[in-house]
Amino acid sequence: MSALRVTSPSVEYVQRPLGLDAAHPRLSWPMASAAPGRRQSAYQVRVASSAAGLSHPDVWDSGKVVSDDSVLVPYAGPPLKPRTRYFWSVRVWDADGGASEWSAPSWWETGLMGASQWSAKWISAPAPLTEAPSLEGSSWIWFPEGEPANSAPAATRWFRRTVDLPDDITGATLAISADNVYAVSVDGAEVARTDLEADNEGWRRPAVIDVLDHVHSGNNTLAVSASNASVGPAGWICVLVLTTASGEKKIFSDASWKSTDHEPADGWREPDFDDSGWPAAKVAAAWGAGPWGRVAPVASAANQLRHEFRLPHKKVSRARLYATALGLYEAHLNGRRVGRDQLAPGWTDYRKRVQYQTYDVTSSVRPGANALAAYVAPGWYAGNVGMFGPHQYGERPALLAQLEVEYADGTSERITSGPDWRAASGPIVSADLLSGETYDARKETAGWTSPGFDDRAWLAVRGADNDVPEQIVAQVDGPVRIAKELPARKVTEPKPGVFVLDLGQNMVGSVRLRVSGDAGTTVRLRHAEVLNPDGTIYTANLRSAAATDTYTLKGQGEETYEPRFTFHGFRYVEVTGFPGKPSTTSVTGRVMHTSAPFTFEFETNVPMLNKLHSNITWGQRGNFLSVPTDTPARDERLGWTGDINVFAPTAAYTMESARFLTKWLVDLRDAQTSDGAFTDVAPAVGNLGNGVAGWGDAGVTVPWALYQAYGDRQVLADALPSVHAWLRYLEKHSDGLLRPADGYGDWLNVSDETPKDVIATAYFAHSADLAARMATELGKDAAPYTDLFTRIRKAFQTAYVASDGKVKGDTQSAYVLTLSMNLVPDALRKAAADRLVALIEAKDWHLSTGFLGTPRLLPVLTDTGHTDVAYRLLHQRTFPSWGYPIDKGSTTMWERWDSIQPDGGFQTPEMNSFNHYAYGSVGEWMYANIAGIAPGRAGYRQVVIRPRPGGEVTSARATFASLHGPVSTRWQQRSGGFVLTCSVPPNTTAEVWIPADHPDRVQHTHGTFVRAEDGCAVFEVGSGSHRFTV
């Protein structure tokens, strides 16, 4: 009997995955053993249609395969069938020929595996529910002072109009916008207001407000206060659309409104206020004219779709819901929410592909009447995306749903989305990823997700087949979910009635609100990362992202509200309109991210470094949300390639990032231009560029980082054709293999600009070098890439490296890139490294690097014999340094080294995120050199364990969950001695580096001395726990 035991088998990185489309899913089986030095010599996999059938498998038996492969082993049996659960088990043989017990049965289940298996139709809510009122016919108006379309004072003006309305109103919708902000009331009741945005361009995004509950037959008074934030064009515009039995009636903003430039007395919003002395408003410009152009409101409600059906009185053996959306959806079946996913189906380029989800709903279906329902919201498909506004992919969110029910007698049936579904509006009045969600609990539709609900007044859906993407594929990455909750720690009241709740941690997600009050009471929740000096929330850095959730109470005891279709980056929540004073239990943070296990535990004797690790982890947690975003708070939240280029190696330490980044690499390849350029962001959106050094190269560096971390050869195989096209693009757009001096450069460096041609050519060489390594790992011809690298290297040295080792630009990043990418002649490496250290010393031992130089800075110093300088930089506490933001109270990584400046002021708000993981790329160095854990071979088949004591660090401990099993280290330096305990999992080996000038000084267990190198005694060990003492 073998001493090996299989633990936690997984398929495509997941234990028991539901809904795989992979034709040859990869199987992994970590192992455990009480005996040291255990390795696998062979394995046998069995696959069957039932757990009981594994002893005589009816699908596949690999037989005994002589191999030590135990991670990502492809299924090699007969073709898999769609919608089928496959059970599997594995046993292994050790090096002595002993066989293990069979692992406990596990399973994976296939999804639909192709377009032919879909019979559902795309459906959308009808036009009345998805189209916003047009402002055409309205005018931009202002107080009559000069020419407001050209220039008006920075001031507030007030406007009123009384209108006579009929008694048969069935709908009332107000569309309104102002340059810059407004508050609007109907008969004294405020129905909407806006706050000043950092870009002062909120007028580009007119609001759409349902005011049916506020209007009535007879005279109604509309009142607007509008403010011009600075000297310049001023105006506001609106249309009130009334639906009556006899048709539509529209009330426009025009010269019939009254206006004043003197702040009116209390009650000016009320119907009986005397405005006879107010002059008529002035038309500044007709809609479509003036400086504002053809601004258009956008309908952003989350509509409700439903369908009832009957099932026979037969025993159900299995039921699955396959669903997706153009937009976002949340499915319900017979009154129960389906699954726990948030923001499904996530973000892709919907023109090319959308991911579908698979849910086990066996326990939810029932004989007789059933109801399948869903909320459908705009999301990334039709809502605001980044700074580019709405409708980046389409205007009408749509749903695709297919419920498949199988019975014990072998029969089955499908219930699909189609023309027989019904649609209506609901309590989610608006839902936008950037602006936030507006929820009116008075509009809740009791029972609409359950059978027996009367939907005869609902509207018929319409088809959406013209908008369908090219491919519908099973979800590759984990779903977005609520991972944890954070209670509020403190409540302050910086202004009367304005409460600020501190969650203690900059996070991403939304909040749960608990509140009691009268029906119609409206509570506003605004989100921010930091506070102003006066204790109010600081929102200028959010730019146009309103980040505001609004809840209107229904007045039925304690009410709970959790937004469904938005997310925010925040630590602080401003609460206004709350009945009474909120307590710390009134608001709870709901932390949201793409689900994946966290894989790295790390602690040292230096509190600042422990906090740095926490900030790195929280930064990744918040920005790994469907795509790797640059920031989760402001109006951007895009999949910037440059950020993940530098952060991917760290990401693969701290979280299981294989599935998430594999999915994103598909997004990146979907965005690749026809001539081979990778885009600045993926999914590609807006008018951003492509072909940029250090950004587009993510198409090369990210697959390589994943391969190093997981040994996933399929990532390389999928990437190499696009990498080849990228290199052809770069070569085509070079002059003598030197790239042009354009792009973003060493973004946000500290007054130390590196020439952009140096950066671009260095990255060109680096991508060619990695392409050669990829080809070698895949058994393909690497010679063309090696030759390309050699030629670029020579051109680089000729153009940029002087005979004394100085590099053009003479900046820290110039030397960092040149040294780390092997572009300096060997004879000049020491001179270049010494020059780098001199530049650091000249800045009083501070760094000056930006996004591209920072991740390579400490590794280069270590590789060139300057680990002491690396530690000196790591421990710095003054600007610019990693310690500076921590001393300023950061709980995530900042976009800038000085997002909060030494005097307490904020950096420029246009580019000042407090949750931006790029500078967290230092984690890779910390985990490899302080924890001492790094891959010696791809996927940690061999582990390099090399803690490097230095600086203030005298002890550290870490555990890394590799695909083979946990790798751990714990070390301490004391009284001139050194103690290391480490463990590595079965079927791996480790090379352990002990700081000792002679192996005889090292006491150890199970280790074999192999060489002395670089002041260390190097030992080889097998699996198990080991102790080394100097």
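Just so you know, glycine gets a Cβ as well, placed from its N, Cα and C.
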Figure out which of H332, H391, H916, H964 sits with D630, R634, D635, E636, D643, W695 in the alpha-L-rhamnose 1 site per Swiss-Prot.
H916
Count the Cβ atoms, other than its own, that fall within 10 Å of the Cβ of H916 (alpha-L-rhamnose 1 binding site), considering every protein chain shown.
31
Record lists D179, N180, W203 as binding alpha-L-rhamnose 2; longest Cα-Cα distance in Å?
6
May I ask you to report the DSSP-based helix, strand or coil state of D179 (Ca(2+) binding site)?
strand
Please name which of the recorded positions listed here, N180, N228, P233, E895, is nearest in space to W695 (alpha-L-rhamnose 1 binding site), Cα against Cα.
E895
Which binding-site residues (N228, D630, R634, D643) fall within 10 Å of W203 (alpha-L-rhamnose 2 binding site) by Cα distance?
none
Round to a whole number and give the Cα-to-Cα distance in Å for the pair E636 (alpha-L-rhamnose 1 binding site) and P233 (Ca(2+) binding site).
26
Here the 10 Å Cβ neighbour count for D643 (alpha-L-rhamnose 1 binding site) comes out at 27
If the alpha-L-rhamnose 1 binders are D630, R634, D635, E636, D643, W695, H916 per the record, what's the largest distance between their Cα atoms, in Å?
21
Ranked by how many other Cβ atoms lie within 10 Å of their Cβ, the binding-site residues D179, E636 are led by D179
